[in-house]
Amino acid sequence: GLIDVRCYASRECWEPCRKVTGSGQAKCQNNQCRCY
């Protein structure tokens, strides 16, 4: 789901999502990170 991390590129979300979900799968959606 969405996490409270601002972004411009999906790769900016990989590390934050890995910390939250343990998965590096992420996308930047509407300038906010979404983890899968």
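A Cβ is built for glycine as well, from the same backbone N, Cα and C atoms used for every other residue.
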>> I want to verify the bond table. Which candidate from CYS28, CYS35 sits on the other end of the disulfide that Swiss-Prot records for CYS7?
In response: CYS28
> From the list CYS13, CYS17, which cysteine is recorded by Swiss-Prot as disulfide-linked to CYS35?
Replying inline: CYS17
>> Near TYR36 (site 'Aromatic residue of the functional dyad') in space, meaning Cα within 10 angstroms, which of the recorded positions do we find among CYS7, CYS13, LYS27, CYS28?
In response: LYS27
> So which one is it: of the disulfide-bonded residues CYS7, CYS13, CYS28, CYS33, CYS35, which has the fewest other Cβ atoms within 10 Å?
Replying inline: CYS28
> On a count of neighbouring CB atoms within 10 A, which of the recorded positions CYS17, LYS27, TYR36 is highest?
Replying inline: CYS17
> For CYS33 (disulfide bond), which DSSP three-state class applies?
Replying inline: strand
>> Quick check for the class: what is the C-alpha distance, in angstrom and rounded, between CYS35 (disulfide bond) and LYS27 (site 'Basic residue of the functional dyad')?
In response: 7
